[in-house]
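In case it helps, TrEMBL gives these features for our protein:
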- C273: active site, nucleophile (ACT_SITE)
- 7-12, D32, R37, 85-89, 126-127, E162, 273-276, R343: NAD(+) binding site (BINDING)
- 329-452: domain 'UDP-glucose/GDP-mannose dehydrogenase C-terminal' (DOMAIN)
Amino acid sequence: MKIACIGAGYVGGPTMAMVALKCPEIEVVVVDINEERIKAWNSDKLPIYEPGLLEVVQEARGRNLFFSTDTKKHVGEADIIFVSVNTPTKTHGIGAGKAADLTYWEGAARLIASVATSSKIVVEKSTVPVKTAEAIGKVLRRNCQDPNVNFEILSNPEFLAEGTAIEDLQHPDRVLIGGADTPSGQKAIQTLAEVYAHWIPRERILTANLWSAELAKLTANAFLAQRISSINAISALCEATGADVSQVAHAIGTDSRIGGKFLNASVGFGGSCFQKDILNLCYVCETVGLKEVADYWYQVVSMNDYQKQRFVERVIGAMFNTVSQKKIAIYGFAFKKDTGDTRETPAIDVCKGLIRDGAKCCIYDPEVTPEQIFRDLSAPKFEWDRPNYSRSQSHMLENVQVQSDPAAAADGAHAICVLTEWDEFKKYDFAALYEKMVKPAFIFDGRNILDHAKLRDIGFIVYALGKPLDQFLQKNYS
């Protein structure tokens, strides 16, 4: 058996590496038109950072795992083709700002149809809107010259979380495979299920119809994001009343019906899927006439935007209502720890908000490159998921500096903002940092990971998200 995967990004690369590791008898080839990315996958400096990924790639690469730019050859030879391309939010036209742009998906389907000389199982791995399989099926069947070639389309949504992707791929809660309710559709489901059964117990491999599988992915992300927005809404109330959001979260999280996961209040959620999938879900609801349902889910995104704006306003308000020409150290730019991914990271909106008020942001992140940070801060909204966009020379970037040393970032700064929960931030010598900062020195902990009592003993004025306000801050917010 031969497997090809179109798209060598955060989903395609790690997923195929794990399939190759666990199924040594199957040839797995990841193809992408981006030569730099493929070159990186064939080196020891992978294009994405994920704990444990390099070891998995090194074990299988060259044995039965390959990375190539020869898309036509490998797609033509494959029995199973995973499609793992970007599905960005549309930036113009009907559905702009909500609907998924299926340009790359359609391009992949046309490529498959043009080179197929034998029947194929085509697997949706990207997050796609409901009914995509139906549209892709039409493209495949109308563009394939050989009448004997049959395409079976399966939906196999990805539920892994960045930062823990290798663990999630090895021990998933479930693998979901959706297919057509026909003999050939059911056979295709079983063929893919047998691949996963190499290492995943059969009872964890769930099957469904195509539409249910597509909708399950959007719904899972919407529910997770909803939990974050819910606790973030309560964090604002905690600050206003003197309650502690960590204590509230712990109290409700011990209820077995609720559970403790995704109840950490923060500066906001990010990542490539949450906002995109909720907006997509809203658009699907609107197109079938369910305006009230769409409005309900829109509120999850609105609350996330509010939380980021609230954080910016808290920083500016605490610093005497002006951050003009003040240096602010930004600790963390990735949307979460243990990944270099910055897609929809709250840090983008927080930095832009501070810069708009005249602040000079000095950014440190252990895994994000300066090029990525500058690109993110110059790109228009929703453009982050489109390859090869050029960096515009925006005046915003004059107020942005990227440091490779956290101490240098804090040197001469008025404040430190913690925007990613990297473990290393907890271990810093904050007394030494305090000495080099302008007084009064502020710390705004947007992830609640630091020892706030200890920081106050050093002399910092501390804002901890969702916790009783420092006396110093209360004067500004009476």
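Cβ coordinates come from backbone N, Cα and C, glycine included.
Help me see these features in their spatial surroundings.
Within the same chain, the residues at least 6 positions away from Y10 (NAD(+) binding site) whose Cβ sits under 8 Å from its Cβ are I48, E50, E162, A165, S272, D341, listed in sequence order.
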Please list the DSSP helix, strand and coil residue counts for the domain 'UDP-glucose/GDP-mannose dehydrogenase C-terminal' (329-452).
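Secondary-structure breakdown of the domain 'UDP-glucose/GDP-mannose dehydrogenase C-terminal' (329-452): 42 helix, 19 strand, 63 coil.
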Rounded to a whole number, how many Å is the Cα of N86 (NAD(+) binding site) away from the Cα of C273 (active site, nucleophile)?
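On Cα coordinates alone, these residues lie 11 Å apart.
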What Cα-Cα separation, expressed in whole Å, is found between C273 (active site, nucleophile) and D32 (NAD(+) binding site)?
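It is 21 Å, counting Cα to Cα.
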Identify, in sequence order, the residues in the chain of Q275 (NAD(+) binding site) that are 6 or more apart from it along the sequence and have a CB within less than 8 Å of its CB; answer 'none' if there are none.
A225, F269, V301, N304, E344
